[in-house]
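Record features, source Swiss-Prot:
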{"type": "DOMAIN", "residues": "35-326", "note": "domain 'YjeF C-terminal'"}
{"type": "MOD_RES", "residues": "67", "note": "phosphotyrosine"}
{"type": "BINDING", "residues": "135, 188, 189, 190, 191, 192, 193, 194, 257", "note": "(6S)-NADPHX binding site"}
{"type": "CARBOHYD", "residues": "207", "note": "N-linked glycosylation site"}
{"type": "CARBOHYD", "residues": "222", "note": "N-linked glycosylation site"}
{"type": "BINDING", "residues": "228-232, 247-256", "note": "ATP binding site"}
{"type": "CARBOHYD", "residues": "279", "note": "N-linked glycosylation site"}
């Protein structure tokens, strides 16, 4: 299938760089290491002179009566990666459950209230990034409130990572994040297909995953897109990266929440570090590559210990060791 004149022109101008990273291919190890070094460059050093909150205050928007695990996984992953504070803005019915999971999270039971947008807005000046969608569900009232929170976040230039039912909302209203280059979308295969059809008004080419991710990003105004799968394909509409860091064959529910939570922290660090630390590469792409690599490494390590019984909680327990192995050695 032809990629179309626009894609061809972009390739001809040399603005599209495709790199495939695989630990199984010797020639790719150097590229893999080079990109991981860019991730290392954005990680702020620990210092006794810093104050609480300086290394990241992350907000997770999601959590309803049915889904309480996802926002917990995202928020606790942000802390495990290195954020100092992690907030959860959830429906009132979800709040006691999420609080019971961990005393380390700051939980706001406001998402289903009429004043949800106002209540969340009061906290936005204190937050460095938002993760929108884990455990959100598709209740119309919740989605309307999340739409308002997203608009308020954009107005304040706050980076947003959108996953799960946050992507459902974007598929219904693509204009919500059109052209907002501090947004990162993290769809799985089905979520990506839905988004692609909604934005480009047609099915994606299953034989051209790289081109499909590139085109969706371009159509959204160069919003960064991470298509999760056997290999994670990342694009900001100009560059395409493929992460094949070794994981495992175990696909447990919740590991996407680990990815989105860790990505929220890494996006903040990357934007704070700036392009000079990423050698001119997109800071958001570097952050996304780091989050994908970390999630896969956690999956690999957990699977080595637990095999078929591996769960996301097992993966989160591996964050510290996986982070050290990838980024501190």
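Including glycine, each Cβ sits where the backbone N, Cα and C put it.
Rounded to a whole value, the Cα-Cα separation of residue 191 ((6S)-NADPHX binding site) and residue 228 (ATP binding site) is 10 Å. The number of other CB atoms found within 10 A of the CB of residue 279 (N-linked glycosylation site), across every protein chain shown, is 12. Highest local Cβ density among the binding-site residues 135, 254, 256 belongs to 135, counted as other Cβ atoms within 10 Å over all protein chains shown. Cβ neighbour count within 10 Å across all protein chains ranks 257 highest among the binding-site residues 230, 257. When the glycosylation sites 207, 222 are scored by other C-beta atoms within 10 Å, 222 scores highest. Checked against residue 254 (ATP binding site), the recorded positions 193, 222, 279 differ in C-alpha distance, with 193 being the nearest.
For the (6S)-NADPHX site, whose annotated binding residues are 135, 188, 189, 190, 191, 192, 193, 194, 257, the maximal Cα to Cα separation is 20 Å.
Geometry remark: residue 193 ((6S)-NADPHX binding site) versus residue 67 (phosphotyrosine), CA distance 23 Å.
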